[in-house]
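A.B. asks: Below is a structure I'd like to ask you about.
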Amino acid sequence: MTREYAPPASGTGAPLSGSVLAEAAVVFAVVLSIHAAVWDRYSWCAVALAVQAFYVQYKWDRLLQQGSAVFQFRMSANSGLLPASMVMPLLGLVMKERCQSVGNTYFERFGIVVAATGMAVALFSSVLALGITRPVPTNTCVISGLAGGVIIYIMKHSLSVGEVIEVLEVLLIFVYLNMILLYLLPRCFTPGEALLVLGGISFMLNQLIKRSLTVVESQGDPVDFFLLVVVVGMVLMGIFFSTLFVFMDSGTWASSVFFHLMTCVLGLGVVLPWLHRLIRKNPLLWLLQFLFQTETRIYLLVYWSLLATLACLVVFYQNAKRSSSESKKHQAPTIARKYFHFIVVATYIPGILFDRTLLYVAATICLAVFIFLEYVRYFRIKPLGHTLRSLLSLFLDERDSGPLILTHIYLLLGMSLPIWLVPRPCTQKGSLGGARALVPYAGVLAVGVGDTAASIFGSTMGEIHWPGTKKTFEGTVTSIFAQIISVALILIFDSGVDLNYSYAWILGSISIVSLLEAYTTDNLLLPLYLLILLMA
């Protein structure tokens with residue numbers, strides 16, 4: 001841990017560290033930028049939410065230090081509640097604004113629901129922290145009460161009855177997912193990561209239920225349904241097996257055979273029929289026709305298969321080096337771990353350039369494969385469970401202190417979220433001008449290029465450290481320059497990108513996200529914040 005807290009006196013806490021204040025300053029810069037761009041009652045709600053989340057974050061930090069949190073969260077420099085609390089509300093605001101500008105009323109209202117849901121989930125996390133803090137933090141309770149009252153009042157007079165019910169449904173799912181997953185998976189998440197990941201899963205689950213019940217009226221794109229069914233199906237599969245293997249040893253051959261059989265039953269008996277109901281086609285035939293529809297897609301699939309093989313060879317090579325070294329506790333250096341960032345960048349850029357819909361579906365399939373292999377590793381399912389444990393242990397870092405290894409899944413999510421999240425009807429070709437043209441590249445820029453450059457150059461040549469962190473000034477500057485160079489290359493190779501002289505906003509967005517990278521421990525936030533700024 002990088003800092004300690006003194007016991008609070010009379011409801012007040014010890015001074016916040018410089019790193020927490022710097023991170024909060026960056027987040028408030030983003031919130032105020034979006035507020036200035038949108039400037040409506042919803043953006044005022046976002047400002048109020050940010051203020052109360054700033055005060056509540058310290059309470060979560062103190063609970064983690066004292067070990068008084070309800071669940072076993074992963075220890076980190078801070079809880080990350082403030083930046084995580086603002087993702088869904090800000091994303092909903094910019095989505096509403098973008099869809100409003102192109103006249104898409106359905107997705108405009110959808111954006112408002114996203115923002116309201118994010119605020120409700122963040123307020124619940126705040127109430128949870130304040131409820132278990134002793135002594136009761138009077139000042140923070142007053143601030144949270146005022147902010148919550150303003151948000152609830154505005155949303156009550158802005159949402160329809162159906163939209164209010166939808167928000168409450170997501171909140172209920174979020175509460176139950178918190179109780180189930182945080183109990184089954186101790187030390188896998190910080191409070192901020194739990195808010196972000198479980199909030200997103202809760203929203204997707206509610207959307208899937210809603211669209212399944214109104215399938216007659218649903219006119220959605222099959223690829224959207226594919227993402228919803230795959231993600232929700234993999235999460236439910238994990239909950240099922242986690243509960244089951246509490247009562248039986250998962251490492252035996254009998255349990256492994258049962259695992260594979262039940263996976264087939266759940267996939268063929270639940271997931272595929274569910275997807276068939278939504279898309280009204282045979283899911284397997286639709287997927288095969290989709291993947292091999294054009295010659296370009298076949299070339300991309302072959303190219304991606306070669307890159308996947310290369311990634312596997314890197315894993316085997318690094319493990320062979322560990323076996324030949326004297327120290328069995330050898331860990332892969334930072335540069336070796338960043339090989340995968342280079343491979344992922346090489347994967348996503350051709351997909352964005354030539355076929356974004358194929359990339360959308362391929363990233364969904366890759367996520368399902370990653371999660372399934374993690375289940376095999378975690379439950380020690382034969383014959384690959386122990387092998388995966390041995391191979392992947394080389395690439396662990398401080399974020400993998402719990403039973404799950406999430407680093408590679410977070411990398412995939414960071415690259416894919418900008419492709420998945422933005423409603424395509426609001427971003428058709430020709431409707432994305434200026435900085436918005438770079439939205440599909442947000443994951444590549446923030447994670448694939450920026451985070452990689454900052455990590456490599458900061459760890460090898462950095463000398464000037466940012467206050468309260470291990471990150472360096474040299475790494476941040478290198479990250480900014482690397483992303484600027486990448487934008488220039490995108491302009492050269494992607495004829496569909498027209499920045500319309502919005503260079504200052506792009507430079508400011510990249511700089512703000514690079515500063516956030518210097519102070520946050522959750523790299524999943526970086527592409528989301530860059531996406532939000534570019535969409536604004």
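Backbone N, Cα and C atoms are what each Cβ position is placed from, and that goes for glycine too.
Nobody curates TrEMBL annotations by hand; they come from automatic prediction.
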A.B. asks: According to TrEMBL, transmembrane segment applies to one of these ranges: 36-55, 76-95, 136-155. Which one is it?
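C.D. replies: Of 36-55, 76-95, 136-155, TrEMBL gives transmembrane segment for 136-155.
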A.B. asks: Run the contact check on the transmembrane segment (505-534) against the transmembrane segment (401-421): 3 or more C-beta pairs under 8 Å, excluding pairs closer than 6 in sequence.
C.D. replies: yes
A.B. asks: Quick one: find which recorded stretch in 360-380, 401-421, 473-493 has the most Cβ pairs under 8 Å with the transmembrane segment (338-354).
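C.D. replies: Going through each listed stretch, the top one turns out to be 401-421.
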A.B. asks: Against which stretches of its own chain does the transmembrane segment (296-317) lie, if we need a Cβ under 8 Å and a gap of at least six residues from its ends?
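C.D. replies: Residues packing against the transmembrane segment (296-317) from afar: 336, 339-340, 343, 346-347, 350-351, 354-355, 358, 362, 391-392, 394-395.
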A.B. asks: Would you say the transmembrane segment (167-185) and the transmembrane segment (360-380) are in contact under the rule of three or more C-beta pairs closer than 8 Å, pairs 6 or more apart in sequence?
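C.D. replies: No, the stretches stay apart by this measure.
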A.B. asks: Which stretch, 107-130, 136-155, 225-248, 401-421, tops the Cβ pairs under 8 Å count with the transmembrane segment (167-185)?
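C.D. replies: By the under-8 Å Cβ criterion, the transmembrane segment (167-185) pairs most with 107-130.
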